[in-house]
Amino acid sequence: MSNSNSGKVRVAVVYGGRSSEHSVSCVSAGAIMAHLDPEKYDVIPVGITVDGAWVVGETDPQKLTLIDRTMPEVEHREEVRPSLDPAHRGEFHFSDGSLYATADVIFPVLHGRFGEDGTVQGLFALSDIPVVGPGVLASAAGMDKEYTKKLMAAEGLPIGREVILRDRTELTEAEKNLLGLPVFVKPARGGSSIGISRVTAWEDFNKAVGLARAHDEKVIVESEIVGSEVECGVLQYPDGRIVASVPALLSGTESGAGGFYDFDTKYLDNVVTAEIPAPLDEKTTELIQSLAVESFQALACEGLARVDFFVTANGPVLNEINTMPGFTPISMYPQMFTASGVAYEELLDVLVQQALHRDN
């Protein structure tokens with residue numbers, strides 16, 4: 001499928017965005033742009049600045065990389081707008097109405113709110129343009145930890161204990177007894193461990209809620225789960241097959257300043273190591289892969305997801321699902337599939353073709 005003069009499929013790589021994961025999105029986009037097969041795909045870069053302006057994107061993937069702990073950002077350039085008219089689907093126009101480019105498929109490499117949460121998926125659904133990855137429902141539910149866990153629990157999947165704070169800052173005594181200490185206080189709709197605190201004494205709880213509320217008015221408080229951190233990727237092929245990657249075991253995640261896997265630990269400090277495949281027994285590996293696929297289906301995901309677990313003495317417990325996981329050079333999702341025999345370039349090809357197949 002292509003309408004381009006080159007005969008190639010035109011992929012609009014949309015990245016950046018208004019979320020606190022803006023820079024991670026930029027690095028993911030740079031890696032994707034560098035690995036899309038140039039024999040099959042023409043890349044149309046579209047950036048979204050931190051204040052929400054849609055602009056002509058960076059054409060050089062090398063400029064969207066992490067250099068000396070400096071994360072890239074979308075620069076202010078000439079603005080463009082996506083068409084919402086199905087008769088002009090895939091078109092991006094300059095402010096004067098002239099055409100910037102026409103895409104056959106959208107690859108929304110957006111992490112966090114205003115991108116991974118169903119908003120952009122809904123925007124492009126208005127014009128009937130195919131989009132890589134899950135649709136509106138799965139994206140929205142996957143971003144909101146409250147509803148992720150409600151859907152997983154409804155399917156009988158193993159989850160931890162949590163309490164939601166909407167318009168209050170305190171826990172009741174019953175809730176404190178339910179959760180115990182330590183607890184993790186998180187923005188309910190966030191990622192990359194931004195705004196998260198590990199609380200070991202209740203007198204520190206209000207400060208942690210304030211930090212989380214700086215990123216989301218809704219806060220989730222979770223019991224600490226003691227166990228190994230394991231991740232598993234899920235990939236859907238154009239023919240509908242859903243497969244799980246080999247899992248990855250993360251080590252060193254407690255090295256962050258707060259005693260957990262925080263933003264700097266994930267992307268900057270280079271202290272976390274991953275064993276891929278995870279050194280787990282066959283039964284546990286198969287259970288994690290099965291639970292990952294069940295989680296994918298519970299949220300009605302399409303295309304891809306990364307599912308995060310704690311493996312405890314009593315078995316795996318689901319932590320969260322990422323409907324647009326990181327694609328940076330150090331991200332677990334592409335690394336797990338590479339170890340499963342699906343190279344980065346092939347992984348991207350499957351994802352784009354799956355989106356196009358859904359459209360057909």
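Sequential numbering from 1, following the chain as shown.
Glycine residues also receive a Cβ, built from the backbone N, Cα and C atoms like all the rest.
Taken straight from Swiss-Prot:
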{"type": "DOMAIN", "residues": "149-353", "note": "domain 'ATP-grasp'"}
{"type": "BINDING", "residues": "176-231", "note": "ATP binding site"}
{"type": "BINDING", "residues": "ASP308, GLU320", "note": "Mg(2+) 1 binding site"}
{"type": "BINDING", "residues": "GLU320, ASN322", "note": "Mg(2+) 2 binding site"}
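Features as recorded by Swiss-Prot, highlighted on the structure.
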| residue | record | CB count, 10 Å |
| --- | --- | --- |
| LYS176 | ATP binding site | 16 |
| VAL183 | ATP binding site | 25 |
| GLY190 | ATP binding site | 25 |
| SER197 | ATP binding site | 22 |
| ASP204 | ATP binding site | 13 |
| LEU211 | ATP binding site | 17 |
| LYS218 | ATP binding site | 18 |
| ASP308 | Mg(2+) 1 binding site | 20 |
| GLU320 | Mg(2+) 1 binding site | 19 |
| ASN322 | Mg(2+) 2 binding site | 22 |
### Query
What is the number of other Cβ atoms found within 10 Å of the Cβ of ILE225 (ATP binding site)?
17
### Summary
For ASP308 (Mg(2+) 1 binding site), the three-state DSSP class is strand
### Task
Let me know the DSSP-derived helix, strand or coil state of SER197 (ATP binding site), please.
strand
### Closest of ASP308, GLU320, ASN322 to LYS176 (ATP binding site), Cα positions, binding-site residues only
GLU320
### Query
Out of the binding-site residues listed (GLY190, SER197, ILE225, ASN322), which are within 10 Å of ASP308 (Mg(2+) 1 binding site), Cα to Cα?
ASN322
### Task
Taking only the Cα atoms, work out how far GLY190 (ATP binding site) lies from GLU320 (Mg(2+) 1 binding site), in Å, as a whole number.
11
### Query
Taking just the CA atoms, what is the gap between VAL183 (ATP binding site) and GLU320 (Mg(2+) 1 binding site) in Å?
16
### Message
Can you tell me the CA-to-CA distance separating ASN322 (Mg(2+) 2 binding site) and SER197 (ATP binding site), as a whole number of Å?
### Response
20
### Task
Between the Cα atoms of LYS218 (ATP binding site) and GLU320 (Mg(2+) 1 binding site), find the distance and write it as a whole number of Å.
16
